[in-house]
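Taken straight from TrEMBL:
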{"type": "DOMAIN", "residues": "156-272", "note": "domain '1,3-beta-glucan synthase component FKS1-like'"}
{"type": "REGION", "residues": "1-23", "note": "region 'Disordered'"}
{"type": "TRANSMEM", "residues": "308-327", "note": "transmembrane segment"}
{"type": "TRANSMEM", "residues": "339-360", "note": "transmembrane segment"}
{"type": "TRANSMEM", "residues": "380-401", "note": "transmembrane segment"}
{"type": "TRANSMEM", "residues": "422-445", "note": "transmembrane segment"}
{"type": "TRANSMEM", "residues": "484-502", "note": "transmembrane segment"}
{"type": "TRANSMEM", "residues": "531-549", "note": "transmembrane segment"}
{"type": "TRANSMEM", "residues": "1340-1362", "note": "transmembrane segment"}
{"type": "TRANSMEM", "residues": "1508-1530", "note": "transmembrane segment"}
{"type": "TRANSMEM", "residues": "1614-1634", "note": "transmembrane segment"}
{"type": "TRANSMEM", "residues": "1654-1676", "note": "transmembrane segment"}
{"type": "TRANSMEM", "residues": "1682-1703", "note": "transmembrane segment"}
{"type": "TRANSMEM", "residues": "1715-1736", "note": "transmembrane segment"}
Amino acid sequence: MTTRHRHPSSAQHRPDPGGDEEPYNIIPIHNLLADHPSLRFPEVRAAAAALRSVGDLRKPPYAPWKPHYDLLDWLALFFGFQADSVRNQREHLVLHLANLQMRLTPPPDNIDSLEPAVLRRFRKKLLRNYTDWCSYLGKKSNVWISDRRQSTSDPRRELLYVSLYLLIWGEAANLRFIPECICYIFHNMAMELNKILEDYIDENTGQPVLPSISGENAFLNHVVRPIYNTVRAEVEGSKNGTAPHSAWRNYDDLNEYFWSRRCFENLKWPLELGSNFFVTSGRGKKVGKTGFVEQRSFWNLFRSFDRLWVMLILFLQAAIIIAWEGDEYPWQALKSRDVQVRVLTVFFTWSGMRFVQSLLDIGMQYSLVSRETKRLGLRMVMKSVVAAAWILVFGVFYGRIWSRKNADRRWSGAANTRIVNFLEVALVFVIPELLALALFIIPWIQNFLEETNWRIFHLLTWWFQSRTFVGRGLREGLVDNVKYSLFWIAVLATKFAFSYFLQIKPMVKPTKLLLNMDNVKYEWHEFFDNSNRLAVGLLWAPVVLIYIMDLQIWYSIYSSFVGAAVGLLNHLGEIRNLEQLRLRFQFFASAIQFNLMPEEQLLSARGSLRTKFNDAIHRLKLRYGLGRPYKKLESNQIEAHKFALIWNEIITIFREEDIISDREVELLELAPNTWNVRVIRWPCFLLCNELLLALSQAKELVDAPDRWLWYKICKNEYRRCAVIEAYDSIKHLLRQIIKVNSEEHSIVTVLFQEIDNAMQIEKFTKSFKMTALPWLHEKLIKLVQILARPKKDVGQVVNTLQALYEIAIRDFLKEKKSAEQLKEDGLAPRNPSSNAGLLFENAVVLPDSNDEKFYRQVRRLLRILISRDSMHNVPVNLEARRRIAFFSNSLFMNMPHAPQVEKMMAFSVLTPYYNEEVCYSKEQLRTENEDGISILYYLQTIYDDEWKNFMERMRREGVVKDDEIWTEKLRDLRLWASCRGQTLGRTVRGMMYYYRALNMLAFLDSASEMDIREGARELGSMRRDGSVVDGLNSENSLSSKSLSRNASSVSTLFKGHEYGTALMKYTYVVACQIYGNQKAKKDPHAEEILYLMKNNEAMRVAYVDEVTTDREEKEYYSVLVKFDQVLQREVEIYRVKLPGPLKLGEGKPENQNHALIFTRGDAVQTIDMNQDNYFEEALKMRNLLEEYRAYYGIRKPTILGVREHIFTGSVSSLAWFMSAQETSFVTLGQRVLANPLKIRMHYGHPDVFDRFWFLTRGGISKASRVINISEDIFAGFNCTLRGGNVTHHEYIQVGKGRDVGLNQISMFEAKVASGNGEQVLSRDVYRLGHRLDFFRMLSFFYTTVGFFFNTMMVILTVYAFLWGRLYLALSGIEGAVSSSNNNKALGAILSQQFIIQLGLFTALPMIVENSLEHGFLQAVWDFITMQLQLSSVFYTFSMGTRTHFFGRTVLHGGAKYRATGRGFVVQHKSFAENYRLYARSHFVKAIELGLILIVYATHSPIAKSTFVYIAMTIFSWFLVLSFIMAPFVFNPSGFDWLKTVYDFDDFMNWIWYRGGVFSKAEQSWERWWYEEQDHLRTTGLWGKVAEIILDLRFFFFQYGIVYQLNIAGGSTNIAVYLLSWIYIFVALGLYLIISYARDKYAAREHIYYRMVQFLVIILAILVIIALLEFTSFVFVDLFTSLLAFIPTGWGAILIAQVFGPLLQRTKLWDLVVSVARLYDIMFGVIVMIPVAFLSWMPGFQSMQTRILFNDAFSRGLRIFQIVTGKKPKSEV
């Protein structure tokens, strides 16, 4: 390839094409005569020629014009674009236009010129967002091209507009996140372009018009940088994202400024830098938030999803009113007129909720109102006034009904008339809802109304919602509408029926009982006499909470079954294992041909109904093996050869990956057709046992005629083939090992002729004895075995041949022949004497032992002859089995036809990378952890069989001693280990399979039948012969056999042009953000990345380069590099200057965004660093890309969702739980979301984006600081809001790694939950909540933020239930109520809470998906195993994680990216580390709930009955134990006594360590304690108020318990409570005195310190004696009072933390810190007690290991050695 040094980037011109100097990315466009395989396409030359058609355009005045300049240079000289950006976009444009032209069917008449239709279509797609924006703002588009059919096309002008847009986009840097800003820039620059093209004259100068900005880098400096600096200043003002969102403008705010016409008035063109848009500091002139203000509050959930809450609350109200009557069924109660009228009160609630909504709008969005947006303010105020007016109107009309009725004492006619009046008013109130319903039924009308830009419609809709550029016309088509409506109607009907009969109705009786109870003897001071309303409220609280969240459970249940149904219809799980593949293998070749090979397409037929119908019939035949073509696949057919090439390539790659052994390769591959075998030579694993079965049939049917016997054998295709192949092979083998022209050779030939002849005339059974066949079989086995040995004994061969001859002549022939007859027939030597010696003695010639081809066939023949076992366990490796099964199953699913590689859509893969592992180093592999386990040892243990396969491959490549792999084969070893971790090396290997697959498919597309047939033969002889060069590139061959994975056995057949085709269709860009720094620092990561580039031709690396200039300023560049195979070094291709530092928002989306300009093609697949891909899946990529052409509903897809396979499930039971949960989401969950719910978003990464659609609409993720912390999902939100369509396809899958240790998993859950907490505040969620129709809004809520909200509700239900019981017990109400009535009502709540805690959320979809893909029994077994491995404990624990972080983020913020690390977790985590991670999120909550349960047990009259207490609280105890014990149960060696002892010492050292300023949280408790309160520093006023209100609950313990103490003497006076505070102050006083004494005396005058302690103890004893003597105090009171006062102290500390910033300046703060330390010691000890107890008990440690690593045990792995660190010394 031709690449030399870079030319200086500042030059504004390019070198003459003759120089051939310029480095290029994919195609050398600067030199179309270069020898490059892609340049053979006329389409490339046509596109380049179109760009060169500058013609008579006015030349730019600034620089001399050169003859080789093209339109892009012309634009660059006029508008000041960077030279490298121009080169980048030139290649981008030429490649894309060439690809578009290649896809034209029929091909254009003139193949050497660019087709105008191609260009027009591309221009329309690229500028679609711009034209929409123009019509939205009522501006005339500046693209002056008529789109009418009859208008003549002007390709040059089209090219100029397209090029201008791409050049603007290519240099916009961070502004690519602000798509409408790019539209604004394009709008103005296109106007200037038009003026130049139309030769306008400048009025001021009288000269032709010139652009307002020009010169070197003018566009960057004068357009991009000012806006960039504004973004940057806003981000700096956000204090690293910690300032409230409402105080600064993020990317979205800046973008939405361009959604109103004021951008034209204020910004003007050229940009007016004095405009208030650019002001970022000061309150006055600055433009505030635009479009939306993100405020932290739980009210956002109500604001965004108000329709959902209206539904839930109105139903609850109506249901309570109806249930109150006490009738059996609701319709019976509704017969009563009183009830009917009471139900009308729902309108009060409804209007009240509208009023609350309008107040929230004012409260949260007031800062949007400015001088420019007065109408918005007017609307907010009017909405509140109108909502308040409605409440009054309803009040008046409702009052009139009852006053009339009371006057008439019955429901008179007049009263009924007033009811009708009320209903008339209500009808007016619901008109907007009715209108919405009507539009919902006819969706296209609503789409039309929202998308048109007529002023009249703006006026009509102004009242209901602000007009925004996004979120218009989101309705789906009628069919989809019906599908998801039916789904939700079923869910809601079930939920409401359940809620009414099992939640609300049972509560009515106990409620009435409590309300009617007088004379309750309260056990404390009651503030409201004789009213039990608070008790009723507490009784109802858990019921209402469950009522609110159980819709999530019903959704879960229904979606599981709907998902299973959709999966079945898609033919998922039909081939679950290799057994089922065996049955279908013969149709498998046809399926590969049908799906993966392009068919000759008729020009007109594409996509017509007829072809679709034919396809369906075809697939049906294929699936069930019907019809002629699928009967026989005889070996002369081209189809069979193609199948053989593909299948064998897949098997070869399995071998490269070491998931199968050499023996399994021979069993699995399709042998090439040699030895004149007449049938297709199926893989050995299909033919096993078949020959023996045929022999036994022959033995049974001794006298049957030939035809019948043959018919019986032919019933099984494999049996027929086995028989024929064995016969043909033996015939060939015998002829080959016996000298030609010898008498023995002619005897053998004659014998076979006899047999052939007998078969032809169907007299085989008549001529030969079937009973002799087993003897022949036995001797043949012996012969072949001798031949298959490494050392061959010719004597034994001769003996066996003689024995065979004897049997054939004596026993096999039916008619006995004399020696003479035999001689006559040629079956005996004519002249025995001349043969000095015995028959065959001198006639045997064995082929040379190097003849691999021959001996391979011998081994195959041996397997066919002897295999008695059916090879059920081939391949042994579970991963290989899963992959073969999935691949074969997917080929029987529905997928679009594959086009030829030349005609497929081009695509790129983009992987963001920061600083993760690329490839494990020698040190990393060898270094042992504290248990003595190295990564390599761990991998050898977990991947036992793969390690053996690897060593087998190494020995084949020349390794003699095992130690040599550390020297000779170190690179192979490191790669082997890296491909089993979550490394970049693994991801790159996986993604480069696309390139390999495309090369192979391109070869198969263009190769003639001859090539393929010869190829199949040639490869058969070469495979495993050592002669396969593993790396043929188009120009040179890389001899490094180890990782040159860009080529393989098939590549030896390539003609060279395949590479050109593949490179045009596929690019892999890895965005290694800090690669430049890594190179400068000589970081080993940089070397590894370079190595990957060297070995992967299609891989490119994009990074950000920081350059310090002479003036000590820093400049930043986006750089793209590749490895040049000719120069054998890395070369720089493009260097595009950036306006400043890259990272203004979240790191990952910024990294993706800077590299996006270097991607190519129609689609881009986003792949994360923890993913993997498989060669056999890569073969289906061109099918997947065809999905973009099909309509899904009323839109074509813009994101193609791809299924994932979680590959980290085999490590520990934890990893298995995580992967099971994740798998059910990425398969079943997303399948339902895409169809029928039409609400699938984008959830992380193997999805394929429509590249040009997204690059004009803000990119493939959002990047605003903190609010977009879950950057991926916002791409889905943005896509849906802008009218895109997300689908989900399950015939292709990508591997994905997940976290495997509990701490990693918890950090991941925390990250996701915090991200969801931020989504609640975001404008995207608000808009989707309002703009989607009601049912899609429900789907959206329950699958994104609603899931986390409802998880939190589950935990809150437990809280509400327990606090309610505590109140009832301590107040004495519980004793007053006869227990029987009360508890029945609570039974309903409890049973539900139990269902939830079983993790029904996660379990049911998992079971259903498992039974679909692996069979029902397997799924049930897996579920039971999971329960035995304590999965419920894990799921309950992770609910706690989600609840804590979601709630905290919504209230206080503080979401941050948590790097979870993707290592292998087998080492033990210390107690202190677990305590730091889980103290606040789990342990403290568990201790609080445990305390309530204990107090309840001691003070409740009901709890005296043990059974009742257990029944009521067992699930709460389960929650408490899960929260406390999970981190230790799932911690390797969690119950090891020695480790527990060390851990406790370590914990105490950490608590008491008084670190300095720079100490970390890991070292010092104090540092950690401050970090845990970070969120309270950044939270707003409401967050602090909410925190204080929540903390007040801890004071209740004291209030409730002091009245229960004996010292209170039964008094219920308030004074008892107030006096109890004396205890707190005394305790504090004593603590202060002792700590003062310690500080003053402990060091020097120790005796004084002891003296003070002594006095304090004496005083305490005296006080206790006095109390015993003079009051009714007893000793137990001391312990009971601890239950009262310890929570009070904790509550006080929490409140002190809220006031921390104020208190830190006072002396009190030291006291707070030291008391907090004591509390943490106490919590630590409480958590430690059960752990220590279980560690001390014998047997628990081994049980825990078994639970944690069950999967490995059942596979017989030596996991004990890993966990306990007892590693045998002999290991490598």
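Note that the numbers count up from 1, one per residue, in the order the chain is shown.
Positions of Cβ are set from backbone N, Cα and C atoms, glycine also.
Unlike curated entries, TrEMBL annotations are predicted automatically.
By the Cβ criterion (distance under 8 Å, sequence gap of 6 or more), the transmembrane segment (1614-1634) is counted as touching the transmembrane segment (1682-1703), at least 3 such pairs being found.
Beyond its flanks by at least six residues, the transmembrane segment (1682-1703) meets 1488, 1491, 1494-1495, 1573, 1576-1577, 1584, 1587-1588, 1591-1595, 1597-1598, 1600-1602, 1620, 1623-1624, 1627, 1709, 1712, 1715-1716, 1719, 1722 of its own chain at Cβ-Cβ distances under 8 Å. Sequence-distant contacts of the transmembrane segment (422-445), counting only residues of its own chain at least 6 positions beyond either end whose CB sits under 8 Å from a CB of the stretch, comprise 344, 347, 350-351, 390, 393-394, 397-398, 400-401, 464, 475-478, 481, 1194, 1333-1334.
Stretch with the most C-beta contacts under 8 angstroms to the transmembrane segment (1340-1362), considering only 339-360, 380-401, 531-549, 1715-1736: 531-549.
Of the candidate ranges 308-327, 339-360, 380-401, 1715-1736, 308-327 contributes the most Cβ pairs within a distance under 8 Å of the transmembrane segment (484-502). Helix, strand and coil counts from DSSP across the domain '1,3-beta-glucan synthase component FKS1-like' (156-272) read 78 helix, 2 strand, 37 coil. Taking pairs at least six residues apart, the transmembrane segment (1715-1736) and the transmembrane segment (531-549) share fewer than three Cβ pairs below 8 Å and do not count as touching.
Note on the transmembrane segment (380-401): residues 341, 344-345, 347-348, 351-352, 354-355, 357-359, 361-362, 365-366, 369, 415, 418-419, 421-422, 425-426, 429, 463 of its chain, located 6 or more positions outside it, place their CB under 8 angstroms from a CB of the stretch. In the predicted model, residues of the domain '1,3-beta-glucan synthase component FKS1-like' (156-272) average a pLDDT of 93. Within the chain carrying the transmembrane segment (531-549), a Cβ under 8 angstroms from the stretch's Cβ atoms is held by residues 312, 316, 499, 503-504, 507, 510-511, 514-515, 517, 520, 1349-1350, 1353-1354, 1356-1357, 1360-1361, 1363-1364, 1367-1368, 1371, 1373, 1385-1386, 1388-1389, 1392-1393, all 6 or more beyond its ends.
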